[in-house]
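According to TrEMBL, the protein has these features:
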type: ACT_SITE; residues: Cys110; note: active site
type: ACT_SITE; residues: Cys110; note: active site, proton donor
type: BINDING; residues: Asn26, Gln84, Asn101, Gly111, Asn112, Asn187, Asn220, Glu238, Arg239, Gly248, Ser249; note: substrate binding site
Amino acid sequence: MPRYMRRMYSDLTNGLPFMKMHGLGNDFVVLDAREKVVLDAREKDVLDAREGAVRTDGTPALPKVTPALAQAIGHRQFGVGFDQLAVITNGAADAHLTFFNADGSTSAACGNATRCIARFLMEETGKTQLHLTTDRGDLAARDAGNGLTSVNMGHPQLDWDEIPLAHQMDTLELPIDGAPTATGMGNPHCTFFVDDVDAIDLPAFGPGIEHHALYPERTNVQIAQIVGPDHIRMRVWERGVGITLASGSSSCATAVAAARRGLTGRAVRIDLDGGTLHIDWREDGVWMTGPSAHVFSGVLTPSFLESLT
């Protein structure tokens with residue numbers, strides 16, 4: 001066997017497999033740990049629990065996923081690159097999902113990643129409906145036809161202490177210039193409604209709002225333009241990431257905010273820089289429908305992982 005093939009075989013055998021996916025350009029690295037480790041997937045710090053765990057065949061498990069490891073994998077020049085890192089583990093439902101942002105911080109929710117992973121699991125199992133668990137709570141997913149997937153992202157948090165905000169206030173119009181609306185979708189959101197989303201200098205505007213004192217856990221920032229009673233144009237500054245082409249939880253939060261303010265109905269089309277999502281705020285939660293893409297699969301080499309220790 002040629003040397004390069006032996007090296008490739010060694011990497012495949014001893015490295016860390018991953019999948020690269022995206023939802024409308026919002027991209028993720030996905031680690032599938034369902035059958036590789038033995039651990040309690042419902043433990044709050046599921047990733048720390050993986051330290052010292054073993055594969056079912058007795059070999060070493062996945063490395064402990066730390067903020068530093070997430071940052072390294074997420075680096076677009078020195079790693080693979082992503083907006084979010086998602087880890088699939090076993091749980092009481094079809095799967096449990098845990099999320100990291102590109103800066104290494106954790107997130108309880110990631111709508112686009114949830115939708116993409118749901119599509120992957122449906123294709124793997126042949127199921128058309130799934131039950132997923134996250135730190136956000138239990139989420140239902142279903143095949144919407146024509147290659148689209150719908151996910152119930154749960155009920156929005158509308159009270160100041162659930163989002164959370166720093167102190168009691170009206171979440172419909174915050175005491176910030178522009179009177180944005182605060183919404184929680186398992187992660188905090190701040191939605192500004194403007195006449196022209198393209199007139200906003202988002203790289204200059206986003207960081208200040210993300211780190212605003214009213215949001216003790218920082219916030220995702222949306223700039224939204226009402227196109228019609230069921231149509232919104234939106235741009236996103238994502239907490240821990242920066243500008244992103246799309247965000248599922250941001251789309252849900254913006255749809256809820258627009259409906260609360262009487263700007264749209266509860267079912268809307270949202271056009272983002274990366275494409276279109278359909279959001280429907282129903283009695284049982286906020287449903288998000290859109291496409292998904294599994295771009296490629298690969299392996300993080302042992303030498304890459306060892307360089308981080």
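Every residue gets a Cβ built from N, Cα and C, even glycine.
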Item to check | Neighbours of Asn26, Gln84, Asn101, Gly111, Asn112, Asn187, Asn220, Glu238, Arg239, Gly248, Ser249 excl. site residues, C-beta within 8 Å of centre, substrate | outcome: Asp83, Ser107, Ala109, Cys110, Ala113, Val236, Val241, Thr244, Ser247, Ser250
Checklist entry - For Arg239 (substrate binding site), what is the secondary structure state per DSSP, taken as helix, strand or coil? => result coil
Checklist entry - Just how many other Cβ atoms lie inside 10 Å of the Cβ on the residue listed as 'active site'? => result 30
Next on the checklist: Tell me the coarse DSSP state (helix, strand, coil) of Asn101 (substrate binding site).
Outcome noted: strand
Checklist outcome for this item: Integer Å value for the Cα distance linking Arg239 (substrate binding site) with Cys110 (active site) is 11
Checklist entry - Between Asn112, Arg239, which of the binding-site residues has the fewest other CB atoms within 10 angstroms in the structure shown? => result Arg239
Item to check | Distance [Cα-Cα, Å, rounded] between Asn220 (substrate binding site) and the residue listed as 'active site' | outcome: 11
Checklist outcome for this item: A correct count of other C-beta atoms within 10 Å of the C-beta of Asn220 (substrate binding site) gives 29
Checklist entry - Which three-state DSSP class does Asn112 (substrate binding site) fall into? => result helix
